[in-house]
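Okay, structure first, notes after.
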Amino acid sequence: MSTPSNYYCSLLKFFCENQNQTQAKRLHCHIIKNVTNPEPFLYNNLINAYGKLGNLTYARRLFDEMPIPNHFSWNTILSVYSKSGHLSEMQEIFNRMPSRDGVSWNSLISGYAGYGLVTKAVKAYNFMLRDGVVHLNRITFSTMLVLASSQGCIDLGRQIHGQIKKFGYAAYVFVGSPLVDMYAKMGLIYEAKQVFDEMPEKNVVLHNTMITGLLRCGMVEDSKRLFQGMKETDSISWTTMITGLVQNGLEREAIDLFGQMKLEGLSMDQYTFGSVLTACGGLTALEEGKQVHAFIIRSDYKDNIFVGSALVDMYCKCKIIRYAEAVFKRMTRKNVVTWTAMLVGYGQNGFSEEAVRVFCDMQRNGIEPDYFTLASVISSCANLASLEEGAQFHCRAIVSGLISFITVSNALITFYGKCGSPEDSSRLFNEMNFRDEVSWTALVSGYAQFGKANETIALFERMLAHGLKPDAVTFIGVLSACSRAGLVERGQQYFESMSKEHGVIPAPDHYTCMIDLFSRAGKLEEAKSFINKMPFHPDAIGWSTLLSSCRLYGNLDIGKWAAQSLLELEPQNPAGYILLSSIYAANGKWNHVAQLRRGMREKGARKEPGCSWIKYKNKVHIFSADDCSSPFCDQIYAELDKLNEKMIEEGYVPDASSVLHNVEESAKIQMLNYHSEKLAIAFGLIFIPRGLPIRVVKNLRVCGDCHNATKYISKITQREILVRDTARFHLFKDGKCSCGDFW
């Protein structure tokens, strides 16, 4: 081999590392012009370079132009086809080879194994054995073990293990590591440990593989002992431990181990940083996350796309969106993981509109979403109750084929449920080829939120009949449905079955559902008795639920008890003051109302201003009570005045008990007339075409008067009106509401 050939080969290697095909072609032109009769070594390197750069046409042309390709030339082109997945061309070259060695057979086996073609890989392996065991080597066994592991073929793996022993390769560490890995991935950790223990020599790689297997099987203490007993560790050992601890829910230990690794002065890679940032995000450990970020800035990984994505995710989970945005904007390169991290972060922090915007920006930047990205943006549309945008993403899911991913289908079921279209949820559910527990739970929750109690319970019973295991979320839906249907005994039975029959430990949300179950049915003493028997005190929602029912049924004694308990728990929560004020106001105790208001001011408790919004022509129109900021203000108020006259003619009587002011009755009625949800509904009646439902979202619960008034509006206008508040969906149609009279 001549010195110029050496030089040319070094350049080709450099161009391949930098994926610079243009320069490789220029060098090829230079060789053609200046080198007479290039030696086979140079030809082989050119073929290999074009293969690595993805230009298989040039690689094959070079091979075909060789006067007399040598054995290395045949192996080179065979390897090119094997690694690129051109398996028919690979087999054709292999069949034409004048002679074959272990490299040839390994390329053939690797080609099939790399694409999960078990039968063809095993067939090639068997032909290799017939051709002579002299061709067998550690690469052959490693390839077959990786194939068995990736495809879950335990029988094949055990057969290869037997042949490893038979042909004397059991002591080779290079073979031992994939063997340990295979058994561990199959969940056969004791077989993996036996292979590890029987190895006469153990290097760092083998130890790392065993630690990975133990952590994957949840054997954290065993992995710690093995790690601490290692005579020699490397960066991979430490990163493996950090990653495994995070995966086993031991984020604090992972962060502490990262600190020790830093003190040891070991080098860190993108996986080390990615894992410790995941730990910081999981614990919402902002300070530790910022320290890791500062360390990354001083390292070579500040521009790494994997690390940047992990930083975005960490800051989002710590609820510091502005930091996540800063990292995201500074990243020069972004992939689908980066965009998805920002999108999910917005969605989880209540910025659903920003999440949808990020998805659109991602598409404009030429990044194709994966199934997780699409499911996430659909969830954001569900939070916005934006049926139009969500339906567009549904179409995209169908066109792209991502609808086949169960995560996307489940997100769509949830989306249609939250947007008040349970029929679409049901249709999509029935069209699914495969359904998991999440699919059933999504539909159960959708029916429950919409007040379809009978459908919810029937679906839950079907779920049990199919042998599926309900989870905590499923039971929230079922208990809510029983509550709305007044099925107290049935709800009690389901609650008791949670831990006894299904192994689900009731959480505060389930106890709140039970409080609601008793309270809605007017069984306030039973609700009080249930609370006194609870293993812990109710949360703010639980007390507010009871207090709200006390207001409805006029039970001052239990209402005072609930309000006092709520105010002790959260002194600055305005719900206790407001609901108790309602009870006092209904009983004409205005001095008590005034005292409560003073208490609110002293405690700094402020009622969140109520607002409602409606979407029209891709724009969200937001209204507050007595709002005059809309450019359509005059039309809206005129529409409401006209509706009020017709409603009164139909028998509507304003419910002034919602007004907590000691003023004349006429003034109270005037205050009720222009609540935010009524303004939004009037806007919808003016602009939303007939035949389409009017969809309104409110940030608080709909008051009793607005609930009653909307029933009259739906009857008078013959329009379908959907109102989603913080509690549930209300479908108003022909003077009735899906949730009945008790909202």
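Glycine is no exception: its Cβ is also placed from the backbone N, Cα and C atoms.
TrEMBL annotations: computationally assigned, not manually curated.
Across all of the repeat 'PPR' (39-69), the predicted model scores a mean pLDDT of 88. According to TrEMBL, the feature repeat 'PPR' maps to 39-69 (among others).
What TrEMBL lists as repeat 'PPR' is 70-104 (among others). When Cβ-Cβ distances below 8 Å are used as the criterion, the repeat 'PPR' (70-104) is approached by residues 40-41, 43-44, 47-48, 50-51, 54, 56, 59-60, 63, 110-112, 114-115, 117, 131, 134-137, 139-140 of the same chain, each at least six residues removed from its ends.
Annotated repeat 'PPR' per TrEMBL: 203-233 (among others), in sequence order. DSSP assignment over the repeat 'PPR' (203-233) gives 22 helix, 0 strand, 9 coil.
Taken residue by residue, the repeat 'PPR' (234-268) breaks down under DSSP into 26 helix, 0 strand, 9 coil. As annotated by TrEMBL, repeat 'PPR' applies to 234-268 (among others).
Feature annotation from TrEMBL assigns repeat 'PPR' to 335-369 (among others). Non-local neighbours of the repeat 'PPR' (335-369) in the same chain are 305-306, 308-310, 312-313, 315-317, 319, 321, 324-325, 328, 376-377, 379-381, 383-384, 386, 389, 400, 402, 620; each lies 6+ residues outside the stretch with a CB under 8 Å from one of its CB atoms.
What TrEMBL lists as repeat 'PPR' is 436-470 (among others).
Taken from TrEMBL, the feature repeat 'PPR' applies to 471-506 (among others).
The domain 'DYW' annotation in TrEMBL covers 651-743.
Secondary structure of the repeat 'PPR' (39-69) per DSSP, as helix, strand and coil residue counts: 23 helix, 0 strand, 8 coil. With DSSP states grouped into helix (H, G, I), strand (E, B) and coil, the repeat 'PPR' (436-470) comes out at 26 helix, 0 strand, 9 coil.
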